[in-house]
Amino acid sequence: MRFLILFLALSLGGIDAAPPVHSRIVGGFKCEKNSQPWHVAVYRYNEYICGGVLLDANWVLTAAHCYYEENKVSLGKNNLYEEEPSAQHRLVSKSFLHPGYNRSLHRNHIRHPEYDYSNDLMLLRLSKPADITDVVKPIALPTEEPKLGSTCLASGWGSTTPFKFQNAKDLQCVNLKLLPNEDCGKAHIEKVTDVMLCAGETDGGKDTCKGDSGGPLICDGVLQGITSWGFTPCGEPKKPGVYTKLIKFTSWIKDTMAKNL
């Protein structure tokens, strides 16, 4: 799930119930088959919970709020529900959450101006290396800052119905614009920091949402972000989504991988 920050309406000084969650990749399209060979499905037992990104044969990168002790992954999938000949399944031998991630906010779905979801990043060490094939391929980490205004591609199996939270059958893609962090700072009451990216459409209609957490944000062909959190209903005007900014974490990622071969 993308970390959805539920909007709690204030009424007469009190807090009302949150509105229905509008949960899906909004304004997206079915990804071309095998066009995202680095995209990974992350599970808790047999329940799909998040996306992820294959960095090399042994390592998957995802969001820290996707953490469960029972995580496992599937690679080479297009259809979330069907067993495909291309699919590979791996257990997770160890999880490495970024030490700066505030786990006290883990799965806390309310809004507060002091909440800071920075460092929402986790590495998963696979119990057995993935077989690198035409449909299972790693993607490189960024070496340069992303450019504002870039066209970015996000992908995921996020929910396709607003109330039943039913995940998409086929991997979905959506094109988003990389926006100034100030836009997200104005849009959300939670803290938007320099280790985050802001992406969406000012007019709304395109967004990632519940079920897309941990998946890639690829800007001008380069992996730049990991889907982290955002507003619900998803795809609202002037409510772009927030992504973990990977260029800020390449040293931690590389060091963690090197020390845990």
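The backbone N, Cα and C atoms fix where each Cβ goes, and this holds for glycine too.
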Query raised in the report: Going by Swiss-Prot, which one of C173, C184, C198 is joined to C31 by a disulfide bond?
Result: C173
Report summary line: The residue that Swiss-Prot pairs with C198 in a disulfide, chosen from C184, C219, is C184
Report task. Going by Swiss-Prot, tell me which one of C219, C234 is disulfide-bonded to C152. Result -> C219
Report summary line: From the list C66, C209, Swiss-Prot names as the disulphide partner of C234 the residue C209
Report task. Going by Cα-Cα distance, pick out whichever of the active-site residues H65, D120, S213 is nearest to C219 (disulfide bond). Result -> S213
Query raised in the report: Any idea which of the recorded positions C50, D120, C152 has the thinnest Cβ neighbourhood at 10 Å?
Result: C152
Report summary line: Keeping only the recorded positions of D120, C173, C184, C209, S213 whose C-alpha lies within 10 A of that of H65 (active site, charge relay system) yields D120, S213
Report task. For the recorded positions N102, S213, work out the Cβ neighbour count at 10 Å and name the residue with the minimum. Result -> N102
Requested in this report: For C173 (disulfide bond), identify the closest of the disulfide-bonded residues C66, C209, C234, judging by Cα separation.
Outcome: C209
